[in-house]
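Mind looking over this structure? Questions follow.
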Amino acid sequence: MASAPTSHYNSHSLENESYKKTSRDGVNWGLGEAVPRLPGETRITDKEVIYICPFNGPIKGRVYITNYRLYLRSLETDSALILDVPLGVISRIEKMGGATSRGENSYGLDITCKDMRNLRFALKQEGHSRRDMFETLTKYAFPLAHSLPIFAFLNEEKFNVDGWMVYNPFEEYRRQGLPNHHWRITFINKCYELCDTYPPLLVVPFRATDEDLKRVATFRSRNRIPVLSWIHPENKTVIVRCSQPLVGMSGKRNKDDEKYLDVIRETNKQISKLTIYDARPNVNAVANKATGGGYESDDAYHNTELLFLDIHNIHVMRESLKKVKDIVYPNVEESHWLSSLESTHWLEHIKLVLTGAIQVADKVSSGKSSVLVHCSDGWDRTAQLTSLAMLMLDSFYRSIEGFEILVQKEWISFGHKFASRIGHGDKNHADADRSPIFLQFIDCVWQMSKQFPTAFEFNERFLITILDHLYSCRFGTFLYNCESAREKQKVTERTVSLWSLINSNKDAFKNPFYTKEVNRVLYPVASMRHLELWVNYYIRWNPRIKQQPNPVEQRYVELLALRDEYIKRLEELQLANSAKLSDPSTSPSSPSQMLPHVQTHF
């Protein structure tokens, strides 16, 4: 592969590219300023550094640090390099070299990021320049460790759309035709007393009383009882989600829990069994008994069928992504690429998640059975399976706002632990709770969009923007672990939603090939031969691997713009013509005058 010329290297995220072109997303350029700033963003310090670029070697530049970003401008005439890194992306900051270091550029800072890249800066040894930069970065990249607010609470951006209004649980359940004769809405969790990691509004079987729900909660991990996620509009089978039962080593039983699952099955008289998909490998589910968990046994839960989906836990996924980073950054492992990629097991995990979701979707779509999904606590693998199955079954979720609702509902409101899995503002980079579960879900969505290029209203940029702001801490959307914590911190009142940014500029995130279809179920092929590494995300920082834009897509977008221009001109001509006809002073007096004057080449 030919190496990219130094002068063209520009390390922006996709969404940040708009900074150079327009201020539509709230970025301001102050007079004489070298750094773009958001409303509420303040400059802290700047330093002259040597950026150790892994692709083009050392580059002299000036780094600016604000309370939101690290921004580097090249000071070299032959280089246009710019780095624009939200501080929320930083996972770890380490000092490299010591006072006795003599090698060139061996003294400085090594920064590990959450978005598949590392940054290295060399600094002068005199004047405590490294110490000052280290302390400033540590303070603002990890505000929670310094009793400072996360930037989202300081962000003063204004958009013409309020993204917090996107998801209304009442409206979403009403869209699904709920409540009905078999399912009701309960407010038993209004004050988060039943389950502190569930949303206030839950949909449960009509025949189950609130007292029944309280008794069931005592036998489910973290009190996360089975509740409805989605109902099929025609055959009325449902997807229900929960956590594992607290069976333990002694094989405890709970009559209320057993009866409750039977009540769920009986909401549809056409089915004889309830299918339970346990996302874990069988051996892990058995091991969970030792810590008080477990699974639904056949002898206790009649009229159920239990299937294990073999999806590994958060620790396995974390290690797998680390291996992906090792082979793609800074240099792509060229000589043994396929075997190196295989050794990460990343695509294997993607395959297992997609395969599980396909099984859930197929069972519900066929009308053979309603489905209950759980893993251990019901906030990681469970969210992946329910949301992907719903995406396959319901075309509404394939629209831009529909997908935002899906994320708000199945991930944010039902308590995926974003704060623990991502570590927003937290310096503990080695925390065992960190894991790329949501990234894995977005990767699965991208795999589906590749296989069904006309089925999704959103484009790749939309998915990458979501992932960029999963880490950035610019918006409040992904902060905290659950709704009760967000409510306590008044997140919707004090921060801006990511959906405000996206929905105020929807055209930038639209797929030009989108064809709206109703009731079409998507079954992606989940074999290894049909899955691929998402190069535009995982290897986007390498200027030599930049994928060329799709020429067909570019030409299609141009033609659509041309069509819109012609339609606009036609409307203007029609308006002008109707105005002329309605004006009596210009109305023709003879039939010959009524004929239009047509110019021809003859």
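Start at 1 and count along the chain as shown; that gives each residue its number.
Cβ atoms here come from the backbone N, Cα and C positions, even for glycine.
Pasting the feature list from TrEMBL:
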type	residues	note
DOMAIN	163-538	domain 'Myotubularin phosphatase'
BINDING	Asn313, Ile314, Cys375, Ser376, Asp377, Gly378, Trp379, Asp380, Arg381	substrate binding site
DOMAIN	344-406	domain 'Tyrosine specific protein phosphatases'
ACT_SITE	Cys375	active site, phosphocysteine intermediate
REGION	578-602	region 'Disordered'
COMPBIAS	582-592	compositional bias 'Low complexity'
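Tell me about the surroundings of these features in the structure.
Asp377 (substrate binding site): 19 other CB atoms within 10 A of its CB, across all protein chains.
Counting residues per DSSP class in helix, strand and coil order gives 45 helix, 5 strand, 13 coil for the domain 'Tyrosine specific protein phosphatases' (344-406).
Counting every protein chain shown, the number of other Cβ atoms lying within 10 Å of the Cβ of Cys375 (substrate binding site) is 28.
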Around the substrate site recorded as Asn313, Ile314, Cys375, Ser376, Asp377, Gly378, Trp379, Asp380, Arg381, what other same-chain residues have a C-beta within 8 angstroms of the site's C-beta center?
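Those within range, site residues removed, are Ala279, Thr382.
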Please list residues from the chain of Asn313 (substrate binding site) whose Cβ is under 8 angstroms from its Cβ, counting only those at least six apart in sequence.
Arg280, Asn284, Ser376
What's the most sparsely packed of the binding-site residues Trp379, Arg381, counting other C-beta atoms within 10 A?
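If we count Cβ atoms within 10 Å for the binding-site residues Trp379, Arg381, the smallest count is at Trp379.
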